[in-house]
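Trainee: Once you've had a glance at the structure underneath, I'll fire off some questions.
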Amino acid sequence: VVKEKNRMGECPVWEERENALVYVDINSQKVCRWSPLTNEVQSVSVDARVGSVALRQCGGYVIALGTRFAFLDWDTQAVTTITEVEQDKPNNRFNDGKVDPKGRFFAGTMAEETAPGVRARRQGALYTLFPDHSVIKQLDQVDISNGLDWSLDHRTFFHIDSLAYAVHAFSYDVHTGKIACPKLLYHLEKEERMPDGMCIDAEGKLWVACIDGGRVIRIDPETGKRIQTVRLPTPRITSCCFGGKDYSEMYVTSAYDGLDEATLAKEPHAGEIFKITGLGVKGIPQNFYAA
């Protein structure tokens with residue numbers, strides 16, 4: 001549905017009030033917004049790689065870019081830094097993020113590659129930005145903090161560390177925002193490759209984007225089993241969210257960075273955004289950051 005290609009399209013968020021899909025292109029340092037009505041993509045350039053974007057209750061967005069949390073005012077394009085983390089790790093940056101059921105913004109970090117396929121291990125962490133702008137570190141020694149979401153009863157937090165090739169489930173205290181007691185929920189099969197972004201549907205099942213696996217998979221957290229696979233027409237599938245007027249459509253982002261020229265010539269859809277219909281299940285609206 002979006003032909004404008006992204007180097008590293010990520011973190012799609014359906015914004016009901018704008019009837020639009022908001023997402024980031026990490027490596028192009030842009031926050032983007034696509035209107036299905038006009039088919040137009042608008043974007044705001046920022047001064048660092050931007051790992052994630054989420055909706056703010058009072059309008060505009062909260063973003064995680066470089067190693068900073070910031071607000072983005074869409075109309076003025078102003079970026080206001082809230083706080084910075086990991087100033088001792090110049091090679092780190094924020095990656096995926098999402099707002100929890102109480103309006104706190106969870107986002108994690110990762111080390112950038114120093115050469116193709118080479119990165120320092122266990123340099124990342126997972127943070128929570130509270131509505132009062134305070135920050136706590138929830139997890140340490142993460143490789144690539146990635147997809148995240150919460151169970152429908154708000155008792156479980158789901159998180160992906162991509163280089164663990166797995167989805168983990170944590171107990172989650174909705175009152176404090178704290179997570180604890182990680183358990184392995186699902187380990188990806190070889191052909192599924194590496195897990196990236198993730199979202200939950202209205203039946204409480206998880207959808208995981210498989211980067212280099214060219215698919216999204218549906219996992220049942222009760223059984224830890226994969227129950228559905230949807231293949232997409234390009235390999236570097238990065239993230240997914242539900243949207244549309246009744247949240248019955250799934251939007252899926254992809255990337256073309258990481259593909260060599262020969263592969264790119266065979267992958268005309270790399271970096272585009274796709275819409276999956278007919279899944280027979282709906283999603284749930286996004287949470288708003290409460291400040």
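The backbone N, Cα and C atoms fix where each Cβ goes, and this holds for glycine too.
What TrEMBL says about a protein is an automatic prediction, not a curated fact.
What TrEMBL records for this protein is below:
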type	residues	note
DOMAIN	8-255	domain 'SMP-30/Gluconolactonase/LRE-like region'
BINDING	GLU10, ASN146, ASP196	divalent metal cation binding site
BINDING	ARG93, ASN95, GLU113	substrate binding site
ACT_SITE	ASP196	active site, proton donor/acceptor
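Where in this structure would I find these features, and how exposed are they?
Mentor: The average pLDDT the prediction assigns to the domain 'SMP-30/Gluconolactonase/LRE-like region' (8-255) is 97.
Cβ neighbour count for ASP196 (divalent metal cation binding site) (all protein chains, 10 Å cutoff from its Cβ): 28.
Long-range Cβ proximity for ARG93 (substrate binding site), meaning a same-chain Cβ under 8 A and a gap of 6 or more residues, is found for ALA48, ARG49, GLY51, LEU65, GLY66, THR67, THR109, MET110, GLU112.
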Trainee: Taking the residues the record says bind substrate (ARG93, ASN95, GLU113), how far apart in Å are the two Cα atoms that sit farthest from each other?
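Mentor: Between the most distant Cα atoms of the substrate site, 13 Å.
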Trainee: Do you know offhand how many angstrom separate ASN95 (substrate binding site) and GLU10 (divalent metal cation binding site) by C-alpha?
Mentor: 9
